[in-house]
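Undergrad: What follows is a single structure, and I will ask about it in a moment.
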């Protein structure tokens, strides 16, 4: 049997609403037990990868140089987003040459798009050969690394509102924009019939999202019911920290539930694994590790640029910080996996699209947000789970609308259109918001000082 291509886009591990399908019986006989788990995030990103022609590189006589060129071609040129890589040096040069700060912000956002996709690719390479559960665990914790890095840098600069807005925007874009576009495009691609999907994992994800919503809603209600006094502020902060620990415990239990105790609930049919072949690593483990560390450092640098220039971009473009953080940052930062989710929906593989949208939303809500609260707690920064009234209301509507949309296990283009229109209305809400970040911070300080809202 001929050897598989160097970069194979199919693998024995497919997603069923964010959970992993097991190998078919034939595949189990040939592959053993040391395969990795591919998340919907990886499956979605893989749709933007392209096969590399290593014919020319293979003619290089020097082994070290040949290995370096192979790595370079696979990592840098192995994605359809490679055209955006020049934005990385341009952003760095623009920063050191003191170009317009809005340009630095825009270039940094563009540069983050291919980096996020490549981190997904390298993470997948790193877990080839691991046990399936270990690979799934690594994917589950690294799926939203870009959002976490941006949030950490914003916390270091005490821009708590930017952290909240960007993470809230990631959840909203996944639930309404990505899922809505996937359902809409999938419905148009399968006119005359309803798309069907396994809703078992979707139900679990929605339960976790409702738990996250409760943890974010209670501090808000606590502040509203008790008034904006110092006592209420401290109590809401303590409640948020306790809730964050509960959210992390729930997320860990969810990972155990998905990868170990109830894995059999999400087994695929035998036909689902037909035609799938074992994926071959295109670069070595340590080469992948070095590339991953290097790209993480670059993402951290660009994230620092984004956080430092977001206010200047807001003033220059006439857009509020809330609109940029909630709408623009998530769309650009997750463009790779979002495009992949839509492509799979067109191919009538809606389970993968659901895995991207719901899995990423659940990870941000139950993992990234509480981690930010705890990191801020350790750093002595007062960050709570109060996302303000309008923002929390939008999140509640998004979760409830998504839950109703997915309740029957079928889909059509009308459901997707409704979700998209909800996102448009929410985007318009934050577009007309013109409160600058400095005024938001002032309001927060007034609340901490115990000055009633009517005085402000």
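Cβ atoms here come from the backbone N, Cα and C positions, even for glycine.
Curation plays no part in TrEMBL annotations; they are all automatic predictions.
Since the structure is predicted, the reported quantities are computational estimates derived from the model, not experimental observations.
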Undergrad: Which one of these stretches, 102-121, 242-261, shows up in TrEMBL as transmembrane segment?
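TA: It is 242-261 that TrEMBL annotates as transmembrane segment.
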Undergrad: Ranges 204-222, 223-241: which does TrEMBL label transmembrane segment?
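TA: Feature transmembrane segment in TrEMBL: residues 204-222.
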Undergrad: Pick from 26-47, 48-69: which range has region 'Disordered' per TrEMBL?
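TA: My reading of TrEMBL: the region 'Disordered' range is 26-47.
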Undergrad: Which range out of 75-96, 204-222, 242-261, 385-406, 413-434 gives the transmembrane segment (282-303) the most CB pairs under 8 Å?
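TA: Looking at each of 75-96, 204-222, 242-261, 385-406, 413-434 in turn, the most contacts to the transmembrane segment (282-303) are made by 75-96.
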Undergrad: Honestly, do the transmembrane segment (358-379) and the transmembrane segment (75-96) touch, with at least three Cβ pairs under 8 Å and pairs 6 or more apart in sequence?
TA: no
Undergrad: Residue list, the transmembrane segment (323-346) vs rest of chain: Cβ under 8 Å, 6 or more residues beyond ends.
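TA: Contacts with the transmembrane segment (323-346): 40-41, 43-48, 81, 109-110, 112-114, 116-117, 120, 146-147, 150, 161-162, 165-166, 168-170, 172-174, 177-178, 181-183, 185-186, 189, 195, 306, 310, 313-314, 317, 352-353, 356-357, 360, 391, 427, 430-431, 433.
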